[in-house]
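K.L.:
I grabbed these lines from TrEMBL:
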DOMAIN    94-776  domain 'Myosin motor'
BINDING   Gly193, Glu194, Ser195, Gly196, Ala197, Gly198, Lys199, Thr200  ATP binding site
REGION    653-675  region 'Actin-binding'
REGION    914-972  region 'Disordered'
COMPBIAS  924-935  compositional bias 'Basic and acidic residues'
COMPBIAS  943-953  compositional bias 'Basic and acidic residues'
COMPBIAS  959-971  compositional bias 'Basic and acidic residues'
Amino acid sequence: MYKRREYVELYEKDLAKWALLRNVNTVVKHSTLLPGDYVWLDLKSGGEFEVSVGAVVKLCDSGQIQVLDDEGNEHWISPQNATNIKPMHPTSIHGVEDMIRLGDLNEAGILRNLLIRYTEKLIYTNCGGRTYTGSILVAVNPYQLLPIYTADQIRLYTNKKIGEMPPHIFAIADNCYFNMQRNNRDQCCIISGESGAGKTESTKLILQFLAAISGQHSWIEQQVLEANPILEAFGNAKTIRNDNSSRFGKYIDIHFNKRGAIEGAKIEQYLLEKSRVCRQAHDERNYHVFYCMLKGMTPEEKKRLGLSRASDYTYLTMGTCTVCDGRDDLKEYSNIRSAMKVLMFTDKENWEIYKLLATILHMGNLRYEARTYDNLDACEVVRSPHLTTTATLLEVDGKDLMNCLTSRTLITRGETVSTPLSMEQALDVRDAFVKGIYGRLFVWIVEKINAAIYKPTSSQPKALRRSIGLLDIFGFENFTVNSFEQLCINFANENLQQFFVRHVFKLEQEEYNLENINWQHIEFTDNQDALDMIAIKPMNIISLIDEESRFPRGTDTTMLNKLNFQHKLNTYYIPPKNNHETQFGIQHFAGVVYYETRGFLEKNRDTLYGDIIQLVHSSKNKFIKQIFQADVAMGAETRKRSPTLSSQFKRSLELLMRTLSVCQPFFVRCIKPNEHKKPMLFDRELCVRQLRYSGMMETIRIRRAGYPIRYTFVEFVDRYRVLMPGVKPAYKQEDLRGTCQRIAEAVLGRDDDWQMGKTKIFLKDHHDMLLEIERDKAITDKVILIQKVVRGFKDRSNFLKMKKSAVLIQKTWRGYQCRKNYGAMRAGFSRLQALVRSRKLCASYHVARQRITGFQGRCRGFLVRRAFRHRLWAVITIQAHTRGMIARRLYRRLQGEYRRRLEAEKMRLAEETKLRNQMSAKRAKAEAERKHQERLAQLATEDAEREKKEKQEARRKKEMVEQMEKARLEPVNDSDMVDKMFGFLGTTASFRDRRDRPPLASR
Ligand SMILES: Nc1ncnc2c1ncn2[C@@H]1O[C@H](COP(=O)(O)OP(=O)(O)O)[C@@H](O)[C@H]1O
Ligand SMILES: [Mg+2]
């Protein structure tokens, strides 16, 4: 069992293997979904065109699964509802160029593929391109100008195989052209799709491409290209779906000469929508040519035709829209004129055409008034300039015209009776006339164009001319109300589908026959039964309608009854539910369509009353006579039996189918992505509807029913020889077929449903898958072996390299580590050493210091002691001197005192002696004593005074010393210094005085 992830990987690697495994193992559990996975989400809304939508898983871990779909809507899915989601094939995730490669080959897968590519502006996608000569291209209308149609692109796509380049309309054109030359066979390109899907644009692109690569720039080439503007002017109109909607089908057959140059062309037109001339739905216009004419004509021309502005004409204003955005009617007019010149329309013819167009406009403006004659409803045309202009332009008698428009001539039993027409009938007659004119004018124009561009082959042998036919035809239609035209259109599409399916199948058959392959058992469903019922078998629907149209009393109801009677048991016919219903249904290849029978016969008869033909016959206007030539020539009786619209259409369709059947066809399926003509807008339901109608599924079904895979022997041998050891490459093989067979038998088994052709081997899908798986296995084994060896070698050398590197890193790291350690250790040791040394030094220092200190102490002690001794000595000496000096001074003083006392004593004694002469001895003694005492007191006072003086002197000296000491510390002032230095000069006495004195004793 594969896991989801592995599945996805497998998808991307090997599609075939995936598909096989998917068959074996279809259930993928939702629990294996992962965010980012893509799934198909079945919304089950029940719409007819509802298909699964692609979605991406956002969340899936919370029990519920959250997904985001392609439309941008979020959905929560509970596990019970998980059957709604299926895993998506990887080819559907990113899209593929060729849809045959889609793993999810169903409508949802195809739709999503187109959607993905469309969002990337890749509007073209192949469908089963490579194996078929006639391939199918799907083109989605971009509704914007893409830069993919340049001359460079044309060059890029020239002479390439389909599949070699990305899908493109040019690839189809190129293949048409080169197939035509290579195979010498006519080619055709069937371009189909709804209105507005891009058929006409595709046709023009192919034409351009062909003109470019056939490369002659010739006149005829130009003429072929210029046919388009004319056809578009007269056959295209603005509708709500398409601003330039072709209201007719066309088949352009382009003829090439043997050198591959455009030599001519032939245009076939189908079923122009004539009713548009008289009636337009809201927001739609009449044919372009009317508006262009009114915009572009000169005032004189308009005056001659009595014309004015578009808004003045009833036939041009029914859709209340006279201008078309993005279309310049004036410019288009000149384009039409020049195109008409190129295509050899003479001025006279042009003028006649415009005259008829003007007639139509005037007729549209005729007013009617109701009247009653003999109890019969009748009417009259109000006289107006329009009426006279109409008569003038038609060059008929005014009265005849009036009669013709208001009454009708009946021939009963050889008598002609004129009966009045009611107003309603008269309007119908007028409209029928107008439609008759326009329809025939259109046919004439196409014939005129053909006359210019078509060169009949009679002169040269047929083999020398080849052609490419481009069919731009309305696609399958299913409106709410479908009328007779839709029946014709759907009948045509039924035919084309038949052609398509048969062609695809026929090609298969051809190839099988060519290769001698037994293909009997290959079945496919085609729409032959539906075609039989509509137009082939006796009493078919068309023939019944025709029959009833010819039957004079036939009505739509009688016709419906006949249809019911004839076909009610046919599975392809759906009868009305009751008698009142007027619809019947047909099971077409693309689905059931209900047709509203009212108006069927009228539309089918498509005949004009005899009166009108008569009127034309009476006209002097040669041109109108010319375009009504066939009708005029027929005569009344034959006209009644003239072919009906359906039989005409059937005949031209048969012719077309016959032409197509001898061509190698290519198919372009145009798809309209939305109804709003908007770029980048993708309406899923609309696209599913178109896909269903295009019948693309049928191709895929047929292809899958047969042998979808085929290889040439060379391809097969080269691709699968790995499955048989020893098989040599194809170019070395002699019996390629035998080798192929051996390989196939060995891998697929002898009895399985595969076949050997003459040059190819034919396989079913599952064979291819099986072969691919086996091949994948074989190659995987070899690859694994090679991988093993290579990886071994790679890993070994890697390992060695890594080992070397690791060792280097280790070495370096370890070295670094050791160095770091060593450094740290060394630093440690240094620190230790330093410590030890410092300790040692410290110790010795301390010792030395101690010693020095001791020594110093002693020295200082010695010095101090010595100084002390000196000082002591000095002190003692000074003391001694001082003491000596003091003692001496004292001595001298005492000596002086003594002497003075001695003298005083002597004097006292002398005096006493002297006084004793004069006085008694005692008295003399007392007197002498008293005088002596006085002298002693005086001496004491003198001593005290001297002592005081000396003390004063000593104090003064001391102060002077202190002052000088102080002055020594003070900053020096020069002048003061001088004063001081020489100040002594004034006081030499004191100086001398001081010098004599002994030094002061220190205290
Ligand atoms: N290949 C294209 N590139 C750009 N625009 C396109 C292309 N095909 C179609 N269209 C647009 O779509 C419109 C309708 O295309 P047309 O071919 O007239 O549709 P149909 O013929 O199918 O009715 C054109 O007028 C043009 O605007
Ligand atoms: Mg068209």
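Glycine too: its Cβ is placed from the backbone N, Cα and C atoms.
From a predicted model like this one, the values you see are computed outputs, not experimental measurements.
Could you place the listed features in the three-dimensional structure?
P.N.:
For Gly196 (ATP binding site), the Cβ neighbour count at a 10 Å cut-off comes to 21, with all displayed protein chains included. Gly196 (ATP binding site) carries neither a helix nor a strand DSSP state and counts as coil.
Same-chain residues lying 6 or more positions outside the region 'Actin-binding' (653-675) and placing a CB less than 8 Å from one of its CB atoms are 114, 118, 127, 133-141, 143, 169, 172, 175-176, 179, 183, 185-199, 202, 241, 251, 253, 268, 270, 469, 471, 475, 491-492, 495, 499-500, 503, 681-683, 686-687, 690-691, 694, 696.
Away from its own ends, the compositional bias 'Basic and acidic residues' (943-953) comes close to residues 893, 897 of its chain (Cβ-Cβ under 8 Å, at least six residues beyond either end).
In terms of DSSP secondary structure, the compositional bias 'Basic and acidic residues' (959-971) contains 11 helix, 0 strand, 2 coil.
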K.L.:
Near the ATP site, what residues other than Gly193, Glu194, Ser195, Gly196, Ala197, Gly198, Lys199, Thr200 in the same chain have a C-beta no further than 8 Å from the centroid of the listed C-beta atoms?
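P.N.:
So the additional residues around the site are Asn141, Asn242, Gly475, Cys670, Lys672.
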K.L.:
Could you tell me which of these binding-site residues, Ser195, Thr200, has the greatest number of Cβ atoms within 10 Å of its own Cβ?
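P.N.:
Compared across Ser195, Thr200, the most Cβ atoms within 10 Å surround Thr200.
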K.L.:
Using a 10 Å cut-off on Cβ-Cβ distances across all protein chains shown, tell me which of the binding-site residues (Gly193, Gly198) has the largest neighbour count.
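P.N.:
Counting every other Cβ within 10 Å of each candidate, the maximum falls on Gly193.
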K.L.:
Return the members of Gly193, Glu194, Ser195, Gly196, Ala197, Gly198 (the binding-site residues) with CB less than 6 angstroms from at least one atom of ligand 2, or none.
P.N.:
none
K.L.:
Go through the binding-site residues Glu194, Ala197, Thr200 and pull out the ones with a Cβ less than 6 angstroms from some atom of ligand 1.
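P.N.:
By the Cβ criterion, which requires under 6 Å to ligand 1, the hits are Ala197, Thr200.
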K.L.:
Restricting to the chain of Lys199 (ATP binding site) and a gap of 6 or more, list residues whose Cβ falls under 8 Å of its Cβ, or answer none.
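P.N.:
Once residues fewer than 6 apart are set aside, Lys199 (ATP binding site) is near Ile191, Ser192, Gly193, Ser246, Asp472, Ile473, Gly475, Val668, Cys670.
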K.L.:
Tell me the Cβ neighbour count for Ala197 (ATP binding site), meaning other Cβ atoms within 10 Å of its Cβ, over all protein chains shown.
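P.N.:
Other Cβ atoms within 10 Å of Ala197 (ATP binding site): 25.
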K.L.:
Would you mind giving the whole-number mean pLDDT across the region 'Actin-binding' (653-675)?
P.N.:
91
K.L.:
Neighbour count, 10 Å Cβ-Cβ cut-off, for Glu194 (ATP binding site): what number do you get?
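P.N.:
Result for Glu194 (ATP binding site): 23 other Cβ atoms within 10 Å.
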